Amino acid sequence: CTVILTRLATRDLHKPISILFCNLAVSDLFTSFSGFWISMLFITNPDITIFGSRDMLAPYALYTTSILSTIYNLVSIGVERYLAVAESMRTRFRVARSHSIAVVFINWLLAFSLGCLPLLGWHCLQAGRSTSVLYSPFCVNYLVFVTLPNVVVAFLVPLFTYLRIIIILRKRKLRMQACGQATGTYRSAETQVARTSISIWLLALVSYAPFFAGVIFDATNRRCHTDLYPGVYIFRNCTAILITITCLGNPLLYTLRLRELGAKLKALRCLSAKRVRACAI
């Protein structure tokens, strides 16, 4: 919420990348909200989160949709950064505000289309072999269908884009050195991109790899719920905590940056104080 309000109040949305940042904050907000919904269901009636119930379809569908939207937003940010860096080299394509709005719309459309499939009938409310142990009443084949391609996209596309950005910056730095010009700006940009990309990879690996491992366990497991209680469900809860930590880490990595957050909030307070004084006059 702080990211969204700060972006809107400081009028940063004229930049295409700011639209993607703000939408990433919306996705993280939905992830946190759906996770809180699932937690409340677990507190009030733990059995339905273990053995599955129709009441779990809607929160799990929203949870899946928000996670997919977050993944697509991260990929979109990486692609936009690559196009912005490569723009002055060999392409005339410039990312405009309309392009970012279209990407946001497509991301949510795709996320809702895949995340709401269980609400449209792809579930296992009736007992069957394909019922997920960790996320009943989802079907194992649905989880595999959603998880595998998106994990590939979430890891390979950012790998390509950020590596290409580092290569482009290094080439520019070498070209500037050959001309006898200063290269401090390119060296600083290359270091910053490298640090950011490593942080992105570590955060994604730590948070989403256990979820992916849980889906693989679901697909290969043949035991019933009671045989796996409570250890496997503790693992599931830890996975949800890691995903929530990702929602907290994304704003710091992509949008706020600790040094800039205080300045922006201070500017907002000063702006509010000026408006109050103007109204009083």
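In case you wondered, yes, glycine gets a Cβ from its N, Cα and C as well.
For reference, TrEMBL has these:
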type	residues	note
DOMAIN	1-254	domain 'G-protein coupled receptors family 1 profile'
TRANSMEM	17-40	transmembrane segment
TRANSMEM	60-79	transmembrane segment
TRANSMEM	100-122	transmembrane segment
TRANSMEM	142-167	transmembrane segment
TRANSMEM	198-217	transmembrane segment
TRANSMEM	233-256	transmembrane segment
- Item | Taken over the domain 'G-protein coupled receptors family 1 profile' (1-254), the model's mean pLDDT | 78
- Excluding the flanking five residues on each side, which residues at least 6 beyond the ends of the transmembrane segment (60-79) place their CB within less than 8 Å of a CB in that stretch? 17, 20-21, 23-24, 27-28, 30-31, 33-35, 37-38, 103-104, 107-108, 110-112, 114-116, 118-119, 135, 138, 146, 150, 153-154, 157-158, 161-162, 200, 204, 243, 246-247, 250, 254
